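Engineer: First, the structure itself, so that you have it in front of you.
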Amino acid sequence: MDRPLRVAVVGAGPAGIYAAEALADQDDVPVAVDLLDRLPVPFGLVRHGIAPDHLKMRALADTLRHTLDHPSVRFVGDVEVGRDLSVADLRAHADAVVFTHGASGARRLGIEGEDLPGSLAATDVVAWYTGHPDADRARVEQAVARARDVVVVGVGNVALDVARVLARCPAELETTDMPQHVLDALAAAPVERITLLGRRGPAQASFTTQELRELGHLSAAVALTDPEGLDEESEVRAVARNLATLREFAQHVPEPGKATVRLRFFARPVRLTGGDRVTGVVVERVAVDPADRLTGTRETEELAADLVVAAVGYAGQDLPDLPVSGGVVPNEGGRVLRDGAVSPGEYVAGWIKRGPTGVVGTNKHDARETVAALLADAPALPRVGGPDLVETLRARGCRPVLLENWRAIDEAEHALGASRGRARTTIHEREALRSAARVQR
């Protein structure tokens, strides 16, 4: 082989970084990996998905950054496929392309009133409190400023993250890297009651025990639930632990001066009410039949709500010229399918490959499967003769953020935090990130 196999990886979140790692750490096929991201910063959902108060999980970025230092890997940030270059452009510059751009969209509730002001997707709230450059700060902060009664639809880990962050004592959040305006907005928020709604019973909830237990250790809030469904027994250890924790919550009582976080099961929203903004959620009681099918009972009540957050899952994002069906790219073991046939040189990994399931570490095995397919195909892949990708981008007027520029951002965030007595503060504006990056033309 005259030169290394050129591979472009689209998306520098965990799946993309694990794919780059698997490519760089093998010795069978020499590679040169360009790791692209539309943001000026790497790490994807580790930076902009994991709750800022989960300090140990967010420290995973320190592990992932070792791959960025590998001589066979080049980080190319602030470059968006569909804006700065097309899929066809990538194919002209790379012998193989691995798409790992994830599923950053939000699934909708599909009910009346969902688009009222004060109704947000969990992705909106998470983007805001993690300092994502695309977060709609004004929209979220207007809703949070009025949020005395909050309803979170969903009982997965993201739903619990949102509830916990809204319920935390401001002093507890000072140790995070949240942008200062987020800390200020949360400190001023009038939150008194948070209700989480789950359609099924407590034994079917998708949260993990660790996340659930955290709700029971909030200094400024009391975790509550109703006893219905808690007498169920389970041979699945994780479910048994969840039920045991919920039984503890069922014994709690509200405390003066503290907010409440209540988990309600067998309940689903049927519409949001309000005129110029959300004022309530009409909730229907749900029955589950022996075949595990949900049936509405027509028993409804209206819960007061100044803020409604839909945490019902992520949705895959389309890229121009890349097939997507059901929120994922059709594939066989990571090989992209176009019209039912394998498309040589195109691969997928992560959520856009399998859907938004699993934990961060799930992406490692997933990426390795895809890279194994790519390496098996490598001898037959035609080598393209196009110019260097970064040179092409610069010729088009783009200013990609490379590793040294990301390091400058990293230093700037630590300096910003130190100026406020914190370890780090996330820079949340795209232009401020570009300025901190000190990119040379």
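Including glycine, each Cβ sits where the backbone N, Cα and C put it.
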Engineer: Since TrEMBL lists L45, V81, W351 for FAD, which candidate among A12, A15, A311, A380 does it give for that site as well?
Structural biologist: A15
Engineer: Given the binding-site residues A15, L45, V81, which one is most crowded in terms of C-beta atoms within 10 angstroms?
Structural biologist: A15
Engineer: What is the number of other Cβ atoms found within 10 Å of the Cβ of E211 (NADP(+) binding site)?
Structural biologist: 20
Engineer: Do you know offhand how many angstrom separate V81 (FAD binding site) and R200 (NADP(+) binding site) by C-alpha?
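Structural biologist: Checking the Cα atoms of V81 (FAD binding site) and R200 (NADP(+) binding site) gives a distance of 39 Å.
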Engineer: List nothing but the largest Cα to Cα distance in Å, as a whole number, among the residues R199, R200, E211, G358 that the record says bind NADP(+).
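Structural biologist: Pairwise Cα check on R199, R200, E211, G358 gives a maximum of 21 Å.
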